Amino acid sequence: MTAETHLQGVEISAAQFFEIWHHYDSDGNGYMDGKELQNFIQELQQARKKAGLDLTPEMKAFVDQYGKATDGKIGIVELAQVLPTEENFLLFFRCQQLKSSEDFMQTWRKYDSDHSGFIDSEELKSFLKDLLQKANKQIEDSKLTEYTEIMLRMFDANNDGKLELTELARLLPVQENFLIKFQGVKMCAKEFNKAFEMYDQDGNGYIDENELDALLKDLCEKNKKELDINNLATYKKSIMALSDGGKLYRAELSLILCAEEN
């Protein structure tokens, strides 16, 4: 079955949702925009009509919002709100715990308990289980394992079997995912280490809130196309959620500002 065929379904399974997302996010950048988004909208309308189904109210509102928007952009969260997806799977995207970047960062700190810089399959499984429990939903362990595997397939962009901060951040609505903006300002390891030492003015091995403020102001000035200085407080608050009692260590800040080196 093709992704277009799945769009005809009254309810879409987690696996089918993944196939639809993978098909329309053709460049794999973590969101649909431009031609990708317009193709999805057009084929959604055609598929529903072919199946003899009207657009749901959610679909109609979505088409009205993005159908003619040349600058529209949606992530996995927005797609999950539109498609009639299996209930439990949808809960992962609707959980109130992930309403903002700050909430997301605090969640990351909790589940990346070993501070490795990534979440492995067992940590991800615990993360999903807790989300379901918060929604008062219980599912069989086999189903939870299935969801874990699908989430890895969906978010693991470099196929290393674990999720990095920027990969799991796709659980956030596009407008809340400030990490998308930081993708364009990441530094190589040498540049990052030099910057960290420059802004760690007292040389104590970590950056406090004031030192981070200075670093972010300079980044905003140098990268005005990607970063908006008017959002400085939001950037700072979200990044400091990674800190240890107000101490932002090199390893945590590198998750935001240091690019992977091949």
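Keep in mind that glycine also has a Cβ here, set from the backbone N, Cα and C atoms.
The model shown is predicted, which means the values in this text are computed figures rather than measured ones.
TrEMBL lists 12-47 (among others) with the feature domain 'EF-hand'. The DSSP breakdown of the domain 'EF-hand' (12-47), given as helix, strand and coil counts, is 25 helix, 3 strand, 8 coil.
For the domain 'EF-hand' (99-134), the residues of the chain that approach it from at least six positions outside its boundaries are 88, 91-92, 144-145, 147-149, 151-152, 161-165, 168-169, 171-172, 176-179, 234, 237-239, 241-242, 251-252, 254-255, judged by C-beta separation under 8 angstroms. The domain 'EF-hand' annotation in TrEMBL covers 99-134 (among others).
Here the domain 'EF-hand' (143-178) has long-range neighbours at 14-15, 18, 21-22, 28, 30-31, 73-78, 88-89, 92-93, 98-101, 104, 108, 117-121, 124-125, 128-129, 132, 231, 234-235, 238, 255-256, 260, meaning same-chain residues at least 6 beyond its ends whose C-beta is under 8 angstroms from one of its own. The domain 'EF-hand' feature in TrEMBL is assigned to 143-178 (among others).
Counting residues 6+ beyond its ends, the domain 'EF-hand' (187-222) has Cβ neighbours under 8 Å at 228-229, 232, 235-236, 239-240, 243-244, 246-250, 253-254, 257-259, 261 in the same chain. Residues annotated as domain 'EF-hand' in TrEMBL: 187-222 (among others).
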Legend entry - Residues of the domain 'EF-hand' (187-222) by DSSP state, where helix covers H, G and I: 25 helix, 3 strand, 8 coil
